[in-house]
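Listed features, source Swiss-Prot:
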BINDING   20-25, 61, 77-78, 94, 153-156, 177, 182-183  ITP binding site
BINDING   48  Mg(2+) binding site
């Protein structure tokens with residue numbers, strides 16, 4: 001068993017520091033891990049490496065966060081990948097969204113035959129520089145023709161998951177989204193690894 005596994009398995013008071021400044025992410029993580037892990041939150045202004053790999057980005061941020069906190073951390077990175085664009089915007093979706101918004105994301109697919117896309121989320125748990133574990137969740141779906149829904153955050157109004165019964169993430173109740181989102185799936189993998 002890895003040292004990081006022992007840190008969560010060996011105590012009835014599991015605790016990890018989630019590194020995010022995004023309140024929506026924090027709420028989703030706390031809802032998914034409620035009753036299993038005490039999630040503390042810290043907002044660290046970490047430089048984000050430029051890479052097309054959410055695994056590399058998440059790992060890099062986790063190691064930096066651990067170096068600052070000197071305690072177990074959980075860091076997440078997400079990508080929204082359009083089939084027609086060879087996987088773009090991918091992990092750059094945050095910057096695309098900030099500059100062009102949901103309608104701009106949709107317009108990126110004008111003239112293409114497919115609106116297929118997938119969302120992926122990677123959580124990196126870092127208990128020390130030598131104990132770095134990663135957990136991925138993926139959700140296939142499509143980009144809708146116009147933003148729909150008022151809930152969620154970020155690009156939730158443009159992504160309709162295959163498992164979503166025709167709704168975008170922004171149209172779903174939190175409980176439904178937290179059951180099928182890539183973030184939820186990655187957290188399920190994390191909980192399974194630690195037998196939580």
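Note: Cβ is positioned from N, Cα and C throughout, glycine not excepted.
Overlay of Swiss-Prot annotations on the structure.
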| residue | record | contacts (Cβ under 8 Å, 6+ apart) |
| --- | --- | --- |
| 20 | ITP binding site | 26, 29, 41, 43, 75, 76 |
| 23 | ITP binding site | none |
| 48 | Mg(2+) binding site | 57, 60, 61 |
| 94 | ITP binding site | 154 |
| 155 | ITP binding site | 80, 93, 97, 102, 105 |
| 182 | ITP binding site | 78, 119, 120, 121, 136, 137, 138, 139 |
